[in-house]
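Trainee: Annotations for this protein, taken from Swiss-Prot, read as follows:
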- ASP477: active site (ACT_SITE)
- GLY148, THR149, GLY150, SER151, GLY152, ASP171, TRP200, ASN215, GLU403, GLU428, ASN455, ASP477: S-adenosyl-L-methionine binding site (BINDING)
- ASN215, PRO216, PRO217, TYR218, LYS481, ASP513: substrate binding site (BINDING)
- 1-310: region 'RF MTase' (REGION)
- 313-556: region 'tRNA MTase' (REGION)
- 348-399: region 'Insert' (REGION)
Amino acid sequence: MQYSIQKFLNEGAYKLQHIGINNPKLEARILLQHAINKPYEYLLANPEKQLNQLEIEAVEKVLERRLKHEPIAYILGTKEFYSREFIVNKHVLIPRNDTEILIDVVLQYHSQHSLCHSSNGGNPDKKQLDSVVKPRNNIKSSNILELGTGSGCISISLLLELPNSQITATDISIDAIEVAKSNAIKHDVTDRLQIIHSNWFENIGKQKFDLIVSNPPYISINEKPEMAIETINYEPSIALFAEEDGLLSYKIIAENAKKFLKQNGKIILEIGYKQADQVSQIFLDHGYVIDNIHQDLQSHNRVIEISLIQLNRSYARRIGKSLSGIQQNLLDNELPKYLFSKEKLIGKNYNSCKIKSNYTKFNLEKSKESVSRGAERIKIREHLRTYKEDVANFSSSTSIFLEIGFGMGEHFINQAKMNPDKLFIGVEVYLNGVANVLKLAEEQNITNFLLFPNNLDFILHDLPNNSLDRIYILFPDPWIKNRQKKKRILNKERLTILQTKLKNKGSLIFTSDIENYFEEVVELIKQNGNFQITNEDNYSKPHDNYIITKIPPKSY
């Protein structure tokens, strides 16, 4: 039988299309390249080149495997992940593009964590922002645990992006561990990667980690009929499916992670796109705080970010009191009433406060019930109801200003000081900033504000419509990389929601020192059609009552 390159490409693509392969021409070309070990340019330059007998046999073999729906990654023996090639076989899950979001979230966390401890008080300048997208040699070392490493693509990608970090990776499959070890050698990270045969946390010992990451099994067995044939028939079930509607993995992690996390440790997990609420509830029930839920490029919920926050000496130094003094204030309910949610400051559970025997119960703000140490935690949504009552208690004539991401709080607290007749609401995920606002407010006797120490999306839908006179978004995270731009604080959907929260003739003030980001926001606002830009003639002109902070203003 005679086969030219072009003839195989045509016939191979036809056969692949007949069984429902989505990109038959592309896959036929990739299979041919692999079988005859030639680059794409060679195929283009020699379409009439006749294949020899050995090449024909190799081509027919790989095509037959693909026609049986074997994943092309297993046929090739490799899969690209985060711009790097990884060895894969039937013993490991094939890396997905969606999982790259988990890497992005970890890297962003590291960058922000490094910047918020910088010498300029936590406000990154342009030079620092540029460093976020460059090699991260300046970021402090972290000790990371990955549960269920499979091919090792997550751990190895993180090690290559974070050269000062160490990772312990576990897997229950010895065959998968061999693949991960091969990839560690391939990418030269064996000196910083410890791979352990372990069922979840069993063989880790007494180590504690700054960060726990995982892409655990999360598919319900009930979803199996809806899945692709190649996934069901070839990829390892142990890496795909979990009992209890796909939630068992998260329950195991929630129940055990506290023993292996350092103080203020973080958990970052991939989740099924329909599981955000259920997974959040599992971790809330175990005394964690949900920091953020990140979406993939299809706008599906894909990665959840979870904190284990407990009372610590860093926070004590911030507000100028001893650790025991803060505990006493919590017990006596003396922490300022304007703190919207105590959950972040109380810690992983009530026992972490080391309550003395004569303090068996204490009250949470706005709660008439005493909460015993063993009682279930008050959830974020319950705090939101309290928050809405607080806002409702203010006169309808009171102006309410919202600042999203107030950083270290210089602008926020100064605005509250200058406008004592107005209510200021602050949203900020980083406790250093929250603690600094409390310190400044205590020093200056400022009380006309409420704080929400969590992600904006947890409060946004609960804000009453037509309730805000002004919204400040000042120098938000620019998410510089192209693939990260979907994470920017302002997008079409969120801008529409914010517009409904503003009163008629209310104002939105946005500032940035990243020029292209600022231009994109201006275009977004124009497309919305419900805003009138009042300083279009001079964007560099400061807005009314502008307060200079530690970020040098370059554009407004």
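Even glycines carry a Cβ here, placed using N, Cα and C.
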Trainee: Taking GLY148, THR149, GLY150, SER151, GLY152, ASP171, TRP200, ASN215, GLU403, GLU428, ASN455, ASP477 as the record's S-adenosyl-L-methionine-binding set, what's the max Cα pairwise distance in Å, rounded to a whole number?
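Mentor: Output for S-adenosyl-L-methionine binders GLY148, THR149, GLY150, SER151, GLY152, ASP171, TRP200, ASN215, GLU403, GLU428, ASN455, ASP477: max Cα distance 44 Å.
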Trainee: Quiz question: given the binding-site residues GLY148, GLY150, GLY152, PRO216, PRO217, which has the greatest number of C-beta atoms lying within 10 angstroms of its own C-beta?
Mentor: GLY152
Trainee: Applying a 10 Å Cβ distance cut-off over all chains shown, what neighbour count does ASP477 (active site) have?
Mentor: 19
Trainee: Checking the recorded positions GLY152, TRP200, GLU403, ASN455, ASP477, which are within 10 Å of ASN215 (substrate binding site) at the Cα level?
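Mentor: Near ASN215 (substrate binding site) by Cα: none of them.
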Trainee: Can you give me the Cα-Cα distance between GLU403 (S-adenosyl-L-methionine binding site) and ASP513 (substrate binding site) in Å, rounded to a whole number?
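Mentor: Between the alpha carbons of GLU403 (S-adenosyl-L-methionine binding site) and ASP513 (substrate binding site) there are 18 Å.
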Trainee: Among the binding-site residues listed here (GLU403, ASP513), identify the one with the smallest other-Cβ count within 10 Å.
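Mentor: Comparing Cβ neighbours within 10 Å for the binding-site residues GLU403, ASP513, ASP513 has the fewest.
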Trainee: Nearest to TYR218 (substrate binding site) in three-dimensional space, by Cα, is which of the binding-site residues GLY148, GLY150, GLY152, TRP200, ASN455?
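Mentor: Looking at Cα distances from TYR218 (substrate binding site), the smallest one goes to GLY148.
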Trainee: For ASN215 (substrate binding site), just count the other CB atoms lying within 10 A of its CB, please.
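Mentor: Total other Cβ atoms inside 10 Å, all chains included: 24.
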Trainee: How far is it from TRP200 (S-adenosyl-L-methionine binding site) to PRO216 (substrate binding site), counting Cα to Cα, in Å?
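Mentor: Here the two Cα atoms are 10 Å apart.
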Trainee: Between the Cα atoms of GLY148 (S-adenosyl-L-methionine binding site) and PRO216 (substrate binding site), what distance do you get, rounded to the nearest Å?
Mentor: 6
Trainee: About how far apart, in whole Å, are the alpha carbons (Cα) of PRO216 (substrate binding site) and GLY152 (S-adenosyl-L-methionine binding site)?
Mentor: 13
Trainee: Using the alpha carbons only, what distance in Å do you get between the residue listed as 'active site' and ASP513 (substrate binding site) once rounded?
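Mentor: Here the two Cα atoms are 10 Å apart.
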Trainee: Select the most exposed residue of TRP200, TYR218, where exposure means the fewest other Cβ atoms within 10 Å, treating these as the binding-site residues.
Mentor: TRP200
Trainee: Where does ASP477 (active site) sit in DSSP terms: helix, strand, or coil?
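Mentor: Where ASP477 (active site) sits, the three-state DSSP reduction gives coil.
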Trainee: In whole Å, how far is ASN455 (S-adenosyl-L-methionine binding site) from ASP513 (substrate binding site) when you measure between their Cα atoms?
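Mentor: Approximately 23 Å lies between the Cα of ASP513 (substrate binding site) and that of ASN455 (S-adenosyl-L-methionine binding site).
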